[in-house]
Amino acid sequence: MEEQEIEIPDMYLLEYHSANRVIQLVNYGRLLRFAPFSIVLATVLYCAEFVSAAMLSNINRKTEDDIGTGFTITFMLVPAVLTQLALTFIHRDVGQDRPLVLLLHLLLLGPVIRCFEALIVYFNAVNKEEAYVTLSRKIILKKGRKILVEWETGRSERTLAAHRNAFKRMAVIQAFLGSVPQLTLQMYATIQEKYIMPARLVLMIINLVSITYGALVCSVLAIHIRYDDYKVRIRPAAYLCMTAWRGLEIATRVTVLVLFSTALTHWVILVGMANLLFFFFLPWAEFWAKKGSLTQGVERNFSNFGTVVVLTLFTLLYACINVFCWSAVQLDFTHRELIQRKQGWGRLALYYCGRFVENLVLITLWYFYKSDFYEKVCTPLLVVQLLICYSLSVLFMLLFYQFCHPCRSLFKHNVHDCLRCICCQKGTSTRQNQKPSYSHLSESTAIVEDLATAAV
């Protein structure tokens, strides 16, 4: 979950009116707004998954399962190495004189030392008041009003914010480059062996927790990127809705791929690679079509080769997320932040419709080519359950945007308005001998365009 925010007491707020805006000056003093819970959780998940995967690899090696050992080690080391690179890049430690930190990163223990650094900064800052180094300004949505809030930011708080941002990226990398493929592999191995090994069960449970947390962080990051000017506060109901949405979506996708792989083992490699390559080259194709410049997006100090390497790794993460679930953001290498803030419902609807059809085709092929292992399972019921679960994930997504989105008050029209206009438009088109209502069509178009600009 996100860091727990402390409610600001009235004694810390100074309110005045200026140019028809309500501005609140927040003097925090000793008030530390965040606790590094997410940093500790991400570190614990990283260590637990790494250790459990190493133990399972050792067991597979003893049983002479070379293929299982190789894939388990690969899905253990690849996200670990990319995590070290991401933390080093975000904290800019390459040019600094920190040999111990760099050594621990080489030993794949970078998250551990970063977590200790964040905890030391936090506990030193709890009982100490320090002078602020900058003023931060955000907009808060309160009872339909936009309230501009300024608060003093100290050095410790800026350091903790840098750690939090780094560990959020780390959680996403760990979830989609390590936990999801690892879970898929271990579920396949369990079905093939017809036995649940205790070490494998522990690893799969840790993978599930890591995937759930990483998917939540991915969704929250998308909201923060889209509404960067606003102070976004996500309620518990929104977290529950996002958990159901992401959990059902990823669980259904992984189950479909695992079942398909048990029937057509070699074909699943083609399906996975086709998905990965499509989403990997899609941002690059759009970038080349816009004729952008590679030196605009990442760092001015980077060479063209360094920029390409960073963007390639970033695109790989984006592609891996979209293989299993909707990434909630779109890459745009011509933009300074590398991400499009405006994201329409058109591409989102196209993604979910295409993914539903793909899951339907894969599960249908599994139904006709399944092995005798599923004789005691009601396979038609299983197929229906998987399709219903994926449909429920879409339903929870719509519920989130309709009722639980933290910035839904900024929407001129919501999901209900869009669906109502589409239904009315279809009903009007079926009538005979009636002229079309151009005002109605323009209203529907306006609503769809508004949702396209307001959606995350």
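Any Cβ shown, glycine's included, is placed from N, Cα and C.
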**Asked** Among 68-90, 160-182, where does TrEMBL put the label transmembrane segment?
**Response** 68-90
**Prompt:** So which of 34-56, 102-123, 267-285, 305-329, 381-401 is most in touch with the transmembrane segment (349-369), counting Cβ pairs under 8 Å?
**Reply:** 381-401
**Asked** Of the stretches 34-56, 102-123, 267-285, 305-329, 381-401, which racks up the most C-beta pairs under 8 Å with the transmembrane segment (201-225)?
**Response** 34-56
**Message:** Below 8 Å between Cβ atoms, which of the listed ranges 34-56, 68-90, 102-123, 267-285, 381-401 makes the most pairs with the transmembrane segment (305-329)?
**Reply:** 267-285
**Request:** Quickly jot the same-chain residues contacting the transmembrane segment (267-285) by Cβ under 8 Å, restricted to those at least six beyond its ends, or write none.
**Result:** 257, 260-261, 315-316, 318-320, 322-323, 330-333, 358, 362
